[in-house]
Amino acid sequence: MDLGAITKYSALHAKPNGLILQYGTAGFRTKAEHLDHVMFRMGLLAVLRSKQTKSTIGVMVTASHNPEEDNGVKLVDPLGEMLAPSWEEHATCLANAEEQDMQRVLIDISEKEAVNLQQDAFVVIGRDTRPSSEKLSQSVIDGVTVVGGQFHDYGLLTTPQLHYMVYCRNTGGRYGKATVEGYYQKLSKAFVELTKQASCSGDEYRSLKVDCANGIGALKLREMEHYFSQGLSVQLFNDGSKGKLNHLCGADFVKSHQKPPQGMEIKSNERCCSFDGDADRIVYYYHDADGHFHLIDGDKIATLISSFLKELLVEIGESLNIGVVQTAYANGSSTRYLEEVMKVPVYCTKTGVKHLHHKAQEFDIGVYFEANGHGTALFSTAVEMKIKQSAEQLEDKKRKAAKMLENIIDLFNQAAGDAISDMLVIEAILALKGLTVQQWDALYTDLPNRQLKVQVADRRVISTTNAERQAVTPPGLQEAINDLVKKYKLSRAFVRPSGTEDVVRVYAEADSQESADHLAHEVSLAVFQLAGGIGERPQPGF
């Protein structure tokens, strides 16, 4: 490691004085103009991680559903998963080191992690469509090359596509070809095979309106659509030709505002979905005959997928260990439906995909979705082998079900939640089951809910337990929440600190929207009073 060269190059990517950033679930995110030094240093760190694991590491330049002027970066570990927690700490430490401390921090990380500096390193890089992404991507490359790492720059990719590339490269091509073409072919082939077996016909099941958030998803879906067009016709909106990234559109906007994106006309009962800016989240929605908006979020997506997987397992006679992983934000009705009607076990983890992903890996088949639409299904290697064998050995009807399950395994991007992959799985299941969007929505009725945020002087005053469903500090807050919840039917509420800003997030649900709104407001007041609220007191009305 040529420390002199690193110091010289680092001066070209100097850290602004006093800037402190934290590597969180989504990596680093802030205004793009503050990130040049972080990108360079993450290039350095990716090389050290690659040397330590003797495998390809990914670096993705994106800020997902954040506004266009923001940007961010995250590292992808060998099997396409999130960066290991101990390396998240190294990332934070390295990003915040002053120039004169850079060498020491790099040596510390190398020694702590027993990195063999003579080992070869390979890093793959992808970026989203933000105006700042290309330049910041080059800063990552500067970091990789100054410590002698080899790299492949994929250029414009969705975040899940970069996860896929890393996974393919580290499994010797067994998972798929590490090219954009390979990604398109793998998913489309499985989708077309599946939908061939659908008994329903007619366009009502086979056309879909897609809001691409003016992001990378539009570019990639347009490149891909001819591969699967015989099974599905997609109409793209907010495709980046005009309009700002994530502005009044995209999965996060639709989920939080409970209304369609700007720029999309929706006829009654038309099936629509929205991606976020880097295409790793998806939510569905439609207008009913009376013009009312219906959101189908990650909870209903997880329910559709896990129910279908369970039906296939029953049909082929396999008793595999299947589980659904949710967070505290999952609607109470979805949990009840899964446990009581579908008899599928449900587990709750802390918010953040890495927590859900880790828990899902404990099952033969683990399905996880955050309510915001970020999720996937994971299948253990043993299950994949078993299903492939079943597809060859069973009698006709069972063989057909096993073949469908095999195609579904190929259709999921198991390395990460992937809006394109999830969309194709959902469309295939709806076609196979002959379900309309309204019938899917009617599986269960969501409890009305409300999410709010309260500005506080320091979010660290809030600490939680029980998968973030109970507040431990400040004293008295959980007791206040318990007393408020008792006032309403079918109600629950919880608070948790934001991972990125000094706000406390409040969630409440109850038997009516009015009750959920009142409960959320009252909990917000309790947070404001007991957790150091700043600015204007929370006001009723939404």
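Glycine is no exception: its Cβ is also placed from the backbone N, Cα and C atoms.
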Ask   = For the record in TrEMBL, which of the ranges 107-134, 135-162, 387-414 is the coiled coil one?
value = 387-414
Key: Which of 51-97, 118-167, 178-283, 476-524 contacts the domain 'Phosphoacetylglucosamine mutase AMG1' (297-434) most, counting Cβ pairs under 8 Å   = 178-283
Task = Rounded to the nearest Å, what's the C-alpha distance separating S64 (active site, phosphoserine intermediate) and G499 (substrate binding site)? Just drop the number here, would you?
result = 15
Note = Quick note, D276 (Mg(2+) binding site): same-chain residues at least 6 apart with CB under 8 Å of its CB -> S64, H65, A213, G215, G217, N246, G250, A251, D252, G373, A419
Inquiry  = Restricting to the chain of G499 (substrate binding site) and a gap of 6 or more, list residues whose Cβ falls under 8 Å of its Cβ, or answer none.
reply    = Q22, G24, T25, A26, T351, G352
Task = Mind giving me a neighbour count for R505 (substrate binding site)? Other Cβ atoms within 10 Å of its Cβ, every protein chain shown.
result = 20
Task = Starting from the Cβ centroid of S64, D276, D278, D280, the recorded Mg(2+) site, name every other residue in that chain with its Cβ within 8 Å, sequence order please.
result = T62, H65, D128, T158, T159, G215, A251, F275, G277, A279, R281, H374, A419
Request  = Could you list the residues of the same chain, at least six apart in sequence, whose Cβ is under 8 A from the Cβ of D278 (Mg(2+) binding site)?
outcome  = M60, T62, A63, S64, H65, D128, T158, T159, G215, I216, G217
